[in-house]
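Student: Handing you this structure, nothing more for now.
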């Protein structure tokens with residue numbers, strides 16, 4: 001029988017586990033736990049280094065701190081719960097907890113997308129209008145961008161769980177990922193989900209889609225300015241300041257696009273593909289972002305070595 005989302009029936013969902021492994025899946029959680037610990041240590045180190053190093057008190061590194069905080073929050077909202085059912089067999093997640101986790105994942109992803117766009121604008125102003133950079137991107141303006149990014153993510157993605165709240169669910173409650181995503185939960189509803197489908201797609205396009213277009217536009221303008229330089233050595237030197245940000249953008253958008261493609265066209269794919277793509281989407285940016293900037297920034301390297 002269908003059940004409603006009432007407190008009396010207390011609906012819950014079953015998180016996806018690695019198929020065909022049985023008791024051995026507890027060992028497969030070790031790499032996941034290792035990646036999470038690495039993400040926590042690396043992003044925590046970035047936050048400590050930028051705070052302790054006065055030479056890094058600049059908009060570019062404040063944006064990097066925002067990325068580190070977002071990645072920490074996103075990984076912490078998902079990975080500990082995944083480890084609980086891998087190690088302790090707790091695969092059930094309540095409806096309320098699932099909606100909260102879904103809201104955090106989508107909101108934090110939107111905030112990260114906005115911060116990446118702000119970092120692209122920072123690179124554009126620094127390269128194309130260097131004399132105005134300090135006046136445009138002040139510390140106060142950077143803080144306002146951070147607040148705007150959070151407000152934008154909350155406003156656009158708060159309706160997602162609210163649209164799912166009144167829906168009845170029936171039949172299978174097994175999710176295709178180890179955590180809750182809007183499209184995954186929505187597909188389990190036994191009612192008309194057109195409003196959720198339309199709004200979810202609109203929110204994605206107006207946030208992540210628009211941000212991706214504006215980031216590409218920023219780099220087209222940067223490339224145009226770089227090509228005006230006479231010497232190839234000068235061109236490479238200027239454009240090299242963007243390499244770290246380009247890598248971080250790819251680390252965020254490639255898993256996001258991959259996960260979207262799997263949801264849209266991967267209904268016949270093995271369950272393992274959905275689980276792996278979901279874990280990549282959560283952990284790859286959190287692990288790679290601090291490593292990329294740590295390799296590209298000598299001040300961060302020196303400070304981390306001194307801490308060690």
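Positions of Cβ are set from backbone N, Cα and C atoms, glycine also.
Unlike curated records, TrEMBL annotations are generated automatically.
Because the structure is a prediction, the values reported are computed rather than measured.
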Student: Which of these ranges is annotated transmembrane segment in TrEMBL: 27-49, 165-187?
Tutor: 27-49
Student: The transmembrane segment (197-222) and the transmembrane segment (27-49): do they have three or more Cβ pairs under 8 Å, with pairs 6 or more apart in sequence?
Tutor: no
Student: Who are the chain neighbours of the transmembrane segment (94-121) in space, where the CB to CB distance is under 8 Å and they lie at least 6 residues beyond its ends?
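Tutor: Long-range Cβ neighbours of the transmembrane segment (94-121): 5, 10-13, 60, 63-64, 66-67, 70-71, 73-74, 77-78, 81, 142, 145-146, 148-150, 152-154, 156-158, 160-161, 164-165, 179-182, 185, 203, 207-208, 211-212, 214-215, 218-219, 245, 248-249, 252, 256, 282, 285.
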